[in-house]
Structures are given as C-alpha cells and as structure tokens.
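Asker: Per TrEMBL, domain 'K+ potassium transporter integral membrane' is recorded for 3-473. The annotation transmembrane segment is assigned in TrEMBL to 37-58, 124-142, 148-168, 180-199, 227-245, 257-277, 297-321, 378-399, 406-424, 436-455. The domain 'K+ potassium transporter C-terminal' feature in TrEMBL is assigned to 486-713.
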Amino acid sequence: MSLAFQSLGVVYGDIGTSPLYVYASTFTEGIHDEDDIIGVLSLIIYTLTLVALLKYVFIVLQANDNGEGGTFALYSLICRYAKTGLIPNQEPEDRELSNYTLELPNTKHRRAHKIKEKLENFKFAKIILFLVTIMGTSMVIGDGILTPSISDTVVGVSVAILILLFAFQRFGTDKVGFSFAPIILLWFTFLTGIGLANLSKHGFTVLKALNPLYIIQYFIRNGRKGWISLGGVFLCITGTEAMFADLGHFSVRAVQISFSCIAYPALLTIYCGQAAYLTKNTSNVSNTFYDSIPDPFYWPTFVVAVAASIIASQAMISGAFSVISQSLRMGCFPRVKVVHTSAKYEGQVYIPEINYFLMLACVAVTLAFRTTEKIGHAYGIAVVTVMVITTFMVTLIMLVIWKTNIVWIAMFLIIFGSIEMLYLSSVMYKFTSGGYLPLAITVVLMAVMAIWQYVHVLKYRYELREKISGETAIQMATSPDINRVPGIALFYTELVHGITPLFSHYISNLSSVHNVFVLISIKSLPVSRVTPSERFFFRYVEPKDFGMFRCVVRYGYKEDIEEPDEFERQFVHYLKEFIHHEYFISGGEVEETEKEEETNVQTTTLVPLSNSVPSSGRIGSAHSTSSDKIRSGRVVQVQSVENQKDLVEKAREKGMVYLMGETEITADKDSSLFKKFVVNHAYNFLKKNCREGDKALAIPRSKLLKVGMTYEL
C-alpha cells in the first residue's frame, strides 16, 4: 500500500491533469449538437477502460522483466528468448543464470520455434526490432519534455515550479513520491467532488454514454470532423504509458491498486460531470474545467490544479530516467552518471545530466507553447506512438514467449491495434500545430542512440576480426624480453572470446606482464539484475601455471558496477574459489589432448571457501575456448590449490592495476562519406562529451593505465 500511495505522486500526474484540456481540444470549433457531447463522453469512457485499464493495467504490466517496465524491458525479454542482440557476445553459460530462466520452444511449439529462428537468422529483423525499441524509448523521453501549462497568466509561476521540481529529483523517487502523492490524492478528490456536483446539478442523463452506440452515431453525424476530433479525445489517456515505464520504481500490484481504486473512478466521474455541465452550457467548452467548478471551491481547486499540472511531468521524468538507465546498460546510449536513490528499490534511479537537459527542455516548451491546445497536439503524437510500439512488442511476446492462444493474440492485436492506429491517424493530422516537436526530439535521440550502437558494433566486430589466439598471447608474454612483475593486472576488453589486439600493443610497448594477469570483460545481459554469486565467470588461458585468466563480469541492465574496494574484494574471492574448484575437479593434474580443439564451457555449483561472501558461487570453468587453445603433448602438473591461492593473495597485496584501451576510432579511408561523418565526427563528438569509460566502470584513476591505439573501421 505504501508503494501504491507513492505511485500517485509519480505516475498519475499526467493522466490526472488531462481533464483540464480534453473537451477544449476535442471541440475546437464549438459544440453544434448536444448528442456530440454524449458521443465524445462515450469515446472517453471506452478509451480509458479498454486502453488504460484493460490493456495496460491487466495485460501490459504482466510483460515486465523481473519487475522492470518500458520499451527496453520488452526488448530484453525478446533478446533473452532469441539471439536478437546486434553484438555477438552471447555465451551458453548466460542462460544458466537464475534470472535468465525462460522456457524455450521445442518442436511442440512450432509457431514459437519458427518465429525464434526468423528473428535469429535475419539481420534485417534484428535491426528493425532495435530501431522500434529506440524509437519507443526516444518517444518516452520526448513525452517527458512536454509539460502542460495552465494558461498564459501562470507561465512564470509554472517555470519557477518546474525548476524546483527538477531540483527535487536528486532526493529520489521515494521522497518525491511521498511529497507529491498527497497533492495528487487531493487532486483526484477534487475531481471526484466536482464531477459528482455537476452530475447532481445538471442531471445524470449523460450516463447513457455507457452505450457504445453513441460512438457510432457520433462518427456518422460528424464524418471527417469526428475523425479529426479524436486527437483531442486521445488526450484522456496521455500518461498511461508512464504506468509501464515507471514500473521499476514501484511494483505491478501497487500500480494496479492505485489506478483501479483511485485514478480510474475519479477520471470517469470528472469526465461525466463535465459532460453534464456542457449539456447546459455548450458555449463554455473552451474553459470547461474551471467554469464547471462550484464557486466555493474555485480558488482551492485552482491552486491544486497549478501544482498537479506541474507534477504531471514527474511521471515521464521518472520514466525517462528508467529507460535511459536501461538503454545505457544495453550499450545503446552514451555514458552518463546513474545514481541509485534507494537501497530498498533498485529501480529508483536519478541521472543528473538527463535531469538538467529535461529541465531546460521543459522550461523552453512551457514558454514557447503556452496554450494547452498546442501542448495537447504535441502530447498526442508522442504518446500514441509509444502505445503502438508497445502493442507490437507485447504481441510478439505473446507469440513467442507466453505462447498464448492465437485467438487471444488476434483479439489483442486487432482491438488495441485498431484503436491506436485510428488515434495515430488523427493526431498526425495536427502535425503542424505542435505535433512536430516530439517527432523532432525523437529523431535527434534516435540518431544519438543509433550512432552510438552502430559504432559500438563496428568496434566489437573489428576486435573480433583482429583478435589473437591464447597461444600467441602466451608466446608473446613468455618472450625473454618480457619481465614478470608482482601484482594483479586487470586488462579490460569487450571480447568474451579471443584476445583483443590491444594486448599485443601493450606487450610490445611496456615489455612486462604481472604475475596474475586477467583479461576482464564487463558484460551487460538482457536481464534486469544478476545475483552476486553468479556475477563472475572465470576461465584459464593455458598453460595454467602461467597465471593468466579470462573473466567475464556479468551485470543486468538495471545494475551499476560496485565501488572499487568492493569489486576487488569480490573479484579476488571468486578467483580463489575458481582455483579451488579447478584443482579438485582435476585431481591435481589435467591431461590435455594432442590437438587444438574447442570444448564446451562447464559450470558447476560450488560451496564457498569462506563466509566472506554469503551465498554460494557458480563459477564457470573451461578447459578451452575457440581462442584460448589447449596446448598439446604433455601433462601439466597443477600447483597445489593453496600455493595458487597464496599467489593470488600475495599479488593482491602488491596491488592491482587496471589496464584499458584508449582507442581512437576512425573510418577506413575507403568508407562512404556517410560512414566517415558518423564515425569521425558524430560518434567522436558524443564520445568526447560523455563520461569517460573508467568512470563508468568505477575504476580508480590512481590505479589506471591506458593503452592507446587507433582502430580503422
């Protein structure tokens, strides 16, 4: 119930303030027939019921990813089910994570199996899915910029409150929610009271709008004008997508309770009350909300309306933080600082750079648009586009993951797809009246995300193509000209198979290798979070007595890397546990084959060596990979487990050093002009103006050594 109360102040400000402008935006040319009021009310009732209540509250919220919502949560579910990611760094061991568990199709589920194969085998399908995802994400951010203002007379007040609102974000969603929830609860109370007062005064005859026949009659009577007016009707559900985008800040049950028991009844009541008022005062449609307020409650309602209208942006501010945090961990957004504001709820995050960007954008929109009608046009396009994308992706999830009966899938797609496409066609008609703004914002944000991901993929494929084998790396490291120095070196690389070409560049320039040398990869998985005991996955780079390891450190898209001291403690603990595990399964020695071969990576559940890390670890072990080849022709005597563990501990005492590539990315001289612009100018501009990689990886600067190299992609 506490989360349900908090959600009022974060999620429902947007949809809760829609009664301020829905009727004014719908009847832009005035009311010419009293039956049109009943027709529009019927549209509002069924739009709220079908889209907001049925689709989002009872269906879409179920498509969460371990409690996380939004477009990227849907994308991660699909990526986890099928290999649809654009970077080929998937490993079989990833599917063994407890949070990764997902029932995969077999021959009995032919439909799901065929769709999975098509998603995995067609690069075009992967690209389209990615573009749809970043479009939805960009629209959510764009929606967060469009904050409604009450009227020209309070623009200055609105701007001042907006600045205070964004300044308050750093305290966290829970504090913001508890602070704003009483205001929104009071707002919904006023809406209910005003609605009931108007129904009592002007009659309950408008309740005949519960009959959907009035919708058909409305369109027959008004034709093209009725279709155009849908752009105003749609504003009754702006903010609905925030229920899903903000899910990680709360819970499914909290959102369901708060909407079904408080927001939904209050909204139905106020819209019915306003319709009853308009039947007696058709000329007052341009200012329906304020004119329909009973005189004794006008000023109290006005004050709360100003506050609620500003708080309306909170839903999409929180949603923007969530989706950017998710896209960042999936490698689809330039590096920014993510601050977790709650120790209890991991989904509650704050991003300073994005907060200030949204603040400036919201103030600019409030000053430029001024009228609620123009803001409404901008809102409509952003919101309905996100809804269409959500319908498409949830349909795909129903087909391949939930394995829902095809009849229910068809009904879901036809009913909600038809409703939303009809609304989309109407709001696009008002493109020049303000609707261009969210599309312009979306294009810019999509370009940023697409460029970052595109070059990221090019860089990864370049390293994959230029990788060196484990045998070559050992030969280079054991050269007489190379010195072994005490300590542990963590060499950061994105490759999970093979060794980055940066390694040879490092060896040739520094001529030294630490006693314990670890090729470490930070990998983001399509899950919301990874349990600490499953985070580290180790392998040897043969021969074992050389002291070279490969480590893949796995994080979910809602997680941040630990502080350096904690990371080092966990790393050393699980490295020693890995050595312990390898020693006892090998019986003290390992017989190796006569030829180089690829073997499957084995994962075993272990009992911890000590209580320093509370839960048992799953530490992966592998005798080889495609690049860490087995050296043939002899039996390697493995040092005792205690000696190897002592070696690691002594190396840690000597200190840990972090090695990172400082790569300069340029396009190949034979590349097209477009590629040269994207790589040499656009990407490098983004790279220079975002956080440095060592800060994003929480690497202490005093222990950092960067290795420079130029990549021609």
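Cβ coordinates are placed from backbone N, Cα and C, and glycine is handled just like the others.
Are these features on the surface or tucked inside, and what are their neighbours?
Answerer: Through the fold, the transmembrane segment (124-142) approaches residues 70-72, 74-75, 78, 84-86, 118, 241, 245, 316, 319-320, 323-324, 326-327, 332, 358, 382-383, 385-386, 389-390, 392-393, 437-438, 441-442, 445-446, 449-450, 453 of its own chain, all at least 6 residues removed from its boundaries and within a Cβ separation under 8 Å.
When Cβ-Cβ distances below 8 Å are used as the criterion, the transmembrane segment (227-245) is approached by residues 11-16, 18-19, 21-28, 40, 43-44, 47-48, 51-52, 56-57, 60-61, 64, 69-71, 140, 143, 219, 255, 259, 267, 271, 312, 315-316, 318-319, 322-323, 376-377, 379-380, 383-384, 386-387, 390, 422-423, 425-427, 429-430 of the same chain, each at least six residues removed from its ends.
Outside the transmembrane segment (257-277) by six or more residues, the chain places 1, 4-5, 7-8, 11-12, 15-16, 18-19, 22-23, 37-38, 40-41, 44-45, 48, 52-53, 57, 185, 188-189, 191-192, 194-199, 201-207, 209, 236, 243, 284, 288-289, 291-292 with a CB less than 8 A from a CB of the stretch.
Long-range contacts of the transmembrane segment (378-399) within the same chain, counting only residues at least 6 positions beyond its ends with a Cβ under 8 Å from a Cβ of the stretch, are 51, 55, 59-60, 63, 71, 74-75, 77-78, 111-112, 115, 132-133, 135-136, 139-140, 142-143, 146, 148, 231, 234-235, 237-241, 244, 365, 369, 408-409, 412-413, 416-417, 420-421, 423-424, 427-428, 430-431, 434-439, 442.
Under 8 Å from some Cβ of the transmembrane segment (406-424) lie the Cβ atoms of residues 47, 50-51, 55, 59, 111, 227, 230-231, 233-234, 380-381, 384-385, 387-388, 391-392, 394-395, 398-399, all in the same chain and six or more residues away from its ends.
Long-range contacts of the transmembrane segment (436-455) within the same chain: residues 86, 130-131, 134-135, 137-139, 141-143, 145-146, 327, 331-334, 361, 365, 378-379, 381-382, 385, 665, 678-679, 682-683, 686, 713, each at least 6 residues beyond the stretch ends and with a Cβ under 8 Å from a Cβ of the stretch.
The average pLDDT computed for the domain 'K+ potassium transporter C-terminal' (486-713) is 73.
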